[in-house]
């Protein structure tokens, strides 16, 4: 039987060099994300979101990034969920994109702010009706007694709002505004390439690029 200690692969698909890296991290992310799309990876917009609660306990979960530009990385959720409560207490987060098929990771850290109501409304209106009803039906992260309770709430809100449910006041977007972004490319013998962009107003393009030891 294979033991956990024996599970390993040697990464050799690509390299990451300072000379080839984009001058700003958003352009570099766009480049890698488009390569993930071209490789037809399943849901390349999935990312791990890590937060810390008022009690100092960390928490992580998978969410979907729904917008990326020079301002940051946007996701949407229930503001009253555990992640929402964490961010209310400590408005900082870490993100991780992991594209194992390309032997790549992108790590992002920064402060978090809510998106505007207009931006949240616009995205909410683009969602399927069932997902919009679900945002009303689910009191996210609270204990319920059964699946039947959730389905009853879904039915009640569907009857109430029909095909045009409005955005709940407790549901909307967050933007992670990065101060550091690390691009990790797997390499042979665990001597991986790691380039980190650090926000620096005095630097060209507003970012410095450094190589980290693997």
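Heads up, the Cβ atoms here are built off N, Cα and C, so glycines get one too.
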Co-listed substrate-binding residue [Swiss-Prot; alongside 8, 9, 10, 11, 123, 127, 131, 190, 191, 192] among 66, 83: 66
For residue 8 (substrate binding site), the three-state class that DSSP assigns: coil
Candidate nearest residue 82 (FMN binding site) in space, where candidates are the binding-site residues 8, 10, 66, 190, 192 and distance is Cα-Cα: 66
Alpha-carbon distance [residue 10 (substrate binding site); residue 65 (FMN binding site)] in Å: 29
Local Cβ density at residue 127 (substrate binding site) - other Cβ atoms counted within 10 Å: 16
